[in-house]
Amino acid sequence: KPDNVRVSYGTAGFRGNASGMEYVFFRMGMLAALRSKLKEAAIGVMVTASHNPEHDNGVKLIDPQGEMLAQSWESLATALANVTNDQLIEQLKQIIDSQKIPLSNTSFNIVRLNVKKPSSLSLSRAVLDGASAFGATCHDHGLLTTPQLHYILACYNGGDIKVDEEHYYQNYASAFKALLNVVSLCKLNPVTSPVTVDCANGVGAAKLTKLAERIGANIIDIVVYNDGQSGKLNENCGADYVKVQQRAPAGLNMEPFHRYASFDGDADRLIYYTLDSDCNFILLDGDKIAALFATYIRDNLKKASINLRLGIIQTAYANGNSTNFLINQQNIEIACTPTGVKYLHEKALTFDIGVYFEANGHGTITVNQECKNKISAAAFDPNKSAEERFAAKKLKLFLDIINQTVGDAMCDLLAVEAILQDKNWSVKEWYRIYTELPNRQAKVQVADRRIIETGDAERKVILPSMLQPAIDELVRKYPSGRSFVRPSGTEDVVRVYAEANTQENADDLAQQVSLAVYNIGGGVGKKPLF
């Protein structure tokens, strides 16, 4: 371990420049082995930095049912990664003692996968070495997407010890085809236009191609763009680039109202976009995907006369008009959490059916087994009308398309395409369900991001005490104005979000709030100007 280097385990695990990070990966291999002994189940280890530049990499641990690492263990991971070499054994002993880990337990399998980066091979080797130090048996499934790891791990611990990559393709291809067959869409609404998917030159390109082959081009025509044969991972492409830059990936020639989508590097984020008739860029981000999913579920629950609690979980980044649309027009319950899928997923589980998407396109649907059984039973209930049974069956098959363990760009893509075909909608009808408020994101360099403290799911600043009144005063000057700031989880910057009735006003509000952060929050370097 290099001297004077400190890392922190966050929502995405450990991330940073791959150079010199082998010690972190080695130690996470050991920690995964210990957690495996404690849980008496396989633990997943993912080597990835999904939307980061190619020179970055990262590692995160995945719990037995495909869920993210328990938050109580994030601090253990951080402590283990930061102790000096001569303190390492003592730190491991403290973890073993504090968690009451039975070292005599059989070492359970650790599934290791990696994303397509030059550094991944050596870093994955470090993980395996660390796991082997505690006698863990490692199953290496090779190059897969992050969501595929979550899926395989959950199936493995559920008793299917022979689960593999092909199992994933067959499961979701079958679910997609079953839904389309139920509504006879392959005959009534044959596919006439392709969906072009930018795979960010990442691992998702080859995997999406395999999934599409299992479905069949006669059912869905998927054109893979940025397949990794040339170009660098996430360079001028990918979901994060499209979302932040509000433009298509470099080199993609678009046609008005054709369907385009982007994954991130390890295929857990999905963003759609198109051009209008005047060739203006139109983005359909995580907010629009969540609204599409939630309204489809709500409509079929209503048609099937099934009473379940449906909720959408958002963060402060959700566009204000998406929130207004869901609450005031669709009468769907909304909850708000801090940024980070671990918070969204946890809250989603409190609903019978929970839909969550960050605006960046990372999200999924959760539904508990009791509710799935209720929906399945309704599909064959002789006391229900044919229309009610039909809606229940559609809903059951739709939920089968979803990878509930984690946000999965490939499954979410199939879910979007299924809804559009069921409704016989083009991307134009989808985009028009509500009009987003213009918005702008920015970041301000500060000396120490830790002086910024937030509350109310990151929507309000608590400290410094003068900052929130200054933001409130600025927001009042703009029609439909809203703005919040939050400290970055990885670097000394404060992230700024602003929205207003026009793009000019949104840009101006973001500028003024950025200056307030700089002046009150300890800004360094040049004042933010854009």
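Keep in mind that glycine also has a Cβ here, set from the backbone N, Cα and C atoms.
Here is what TrEMBL says about this protein:
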type	residues	note
DOMAIN	37-73	domain 'Alpha-D-phosphohexomutase alpha/beta/alpha'
BINDING	S50, D264, D266, D268	Mg(2+) binding site
ACT_SITE	S50	active site, phosphoserine intermediate
DOMAIN	164-270	domain 'Phosphoacetylglucosamine mutase AMG1'
DOMAIN	285-425	domain 'Phosphoacetylglucosamine mutase AMG1'
BINDING	E358, A359, N360, R486, P487, S488, G489, T490, R495	substrate binding site
DOMAIN	461-514	domain 'Alpha-D-phosphohexomutase C-terminal'
Other same-chain positions with a Cβ less than 8 Å from the domain 'Alpha-D-phosphohexomutase alpha/beta/alpha' (37-73) and lying at least 6 residues past its termini are 9, 11-19, 21, 24-25, 28-29, 31, 99-103, 105-115, 117-120, 123-124, 127, 131, 134, 139, 146, 149-154, 156-158, 200, 202, 232-235, 238-240, 264-269, 341-342, 345, 405-406
Least Cβ-packed of the binding-site residues D264, D266, D268, E358 (other Cβ atoms within 10 Å) is E358
Excluding its own, the Cβ atoms lying within 10 Å of the Cβ of P487 (substrate binding site) add up to 22
CA pair P487 (substrate binding site) / D264 (Mg(2+) binding site), Å rounded to integer, equals 23
Nearest to D266 (Mg(2+) binding site) by C-alpha distance, among the binding-site residues E358, N360, G489, R495, is N360
Row G489 (substrate binding site), column other C-beta within 10 angstroms, all chains, value 14
Across the domain 'Alpha-D-phosphohexomutase C-terminal' (461-514), DSSP yields 21 helix, 16 strand, 17 coil
In the domain 'Alpha-D-phosphohexomutase C-terminal' (461-514), averaged pLDDT is 95
The rounded CA-CA distance in Å from G489 (substrate binding site) to D268 (Mg(2+) binding site) is 20
Check: min Cα-Cα distance from D264 (Mg(2+) binding site) over binding-site residues E358, N360, R495 goes to N360
Cβ-Cβ distance under 8 Å, sequence separation of 6 or more, same chain as R495 (substrate binding site); the residues meeting this, in order, are Q441, A442, K443, V485, R486, P487, S488
Here the 10 Å Cβ neighbour count for N360 (substrate binding site) comes out at 23
CA pair E358 (substrate binding site) / D268 (Mg(2+) binding site), Å rounded to integer, equals 12
